[in-house]
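Here is what TrEMBL says about this protein:
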type	residues	note
TRANSMEM	B:6-33	transmembrane segment
TRANSMEM	B:45-67	transmembrane segment
TRANSMEM	B:97-122	transmembrane segment
TRANSMEM	B:134-156	transmembrane segment
TRANSMEM	B:162-180	transmembrane segment
TRANSMEM	B:192-215	transmembrane segment
TRANSMEM	B:227-249	transmembrane segment
């Protein structure tokens, strides 16, 4: 059983990487027609990505997902609003801090920023900047999930909240330093991948089906949308203060 | 060898720090608030070790393969020899059309193969009572991502402000939302965030940074980012558009039958 699940996950990790490899290979062979410099390094790296992704998702399915999902449902069904909101915030924060794509992009952003001499060119300064960025994004996702859960409880319209968020982004952009804008806009999409989406969706759909008069389709979705919107606002604020 | 091992162990240690908060939160809430013991402590422990090793391997692999690959592609597709011109100063935005095609292909292929998108699409088909087709929805999202990344690449090449593109995109979304069927709105907003998966994000980021480095007059910090933002914005527009078209077609069919 254990092996079977693992091999299945290995295949699905490979399949998620396959389109990238196919497109790159077609371009390399047909259009660029130049040898790739470090082929062995690339192959080893791709194998590591596949193995890493497999272990990661397999481990999540063994440990965090079942507990997290049942807990999300449990909190959604009973429990006071205070604990539900606290749980929502912690869930958003914790899953985002651990998100591998965000770790990678934050490191890359720190690298580029230090090359532009905005922060000191030392490993310590870089890792501090990357960590600050990730914590900012994680706080914003926690906040987003909190507001999203409050929206489902109160039945606010998703539309107005999203428009408010967009307005905040539009108003803040001219005041934010130019160097942070690209990173801020990107951080919205980066945050929501492997860990965050399943747990947050479970919370949203569980909550919407537990409360009377809520439609899981109408109210259950939308949490991810918040979680991709607030990081832009928070990261721009981080850029202004920093 | 020892240096590589040391490097890996440092990475593993950093990963422990990254995974710790979510583990503490889940276990803390379980023990303190729900007050039930863990169901399978041994399985949990094995799972955590797998997650730790997985993230460490994944990040190591990214450094070795996906980041260099994205930058390499950006570099190779922008060399003067490849573009067939004497030097990069003469290049116009049309010279880089292979970049746009590459960006669009990566966006379309990765999104169409995304398993979480398939799951969401099937659910949407079921709930909408067949008005929305899973295949059509997946196409809509994939086209949105492909167009988004290609337009993002065009922006890096031309050096236009990211700001204007995003604002225009938002305005389109706001107008569309007012007219789109209510049931699809939450799903459409979410589809923007869902599509950019763990594997796609690093590659696309590297592509943008590589492009901004290769094209004269662009600053990686100001121009290099933004591709992911485009990739999360455009699926919203295409999904809302798809829902409107699907609704319109269903209505027309119904009225023609009557």
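If you go along the chain as it appears here, the first residue is 1 and each next one adds 1.
From the backbone N, Cα and C atoms, a Cβ is placed for every residue, glycine too.
Here the transmembrane segment (B:134-156) sits against the transmembrane segment (B:192-215); at least 3 CB pairs are under 8 Å, leaving out pairs fewer than 6 apart in sequence. Residues 151, 155, 188, 225-226, 229-230, 233-234, 236-237, 240-241, 243-244 of the same chain lie 6+ residues outside the transmembrane segment (B:162-180) yet bring a C-beta within less than 8 angstroms of a C-beta in it. For the transmembrane segment (B:192-215), the residues of the chain that approach it from at least six positions outside its boundaries are 58, 62, 66-75, 78, 88, 91, 96, 99, 102-103, 106-107, 110-111, 114, 116-117, 120, 141, 144-145, 149, 152-153, 156-157, 223-228, 231-236, judged by C-beta separation under 8 angstroms.
With pairs at least 6 apart in sequence, the transmembrane segment (B:6-33) and the transmembrane segment (B:45-67) have 3 or more Cβ pairs within the 8 Å limit; the two touch.
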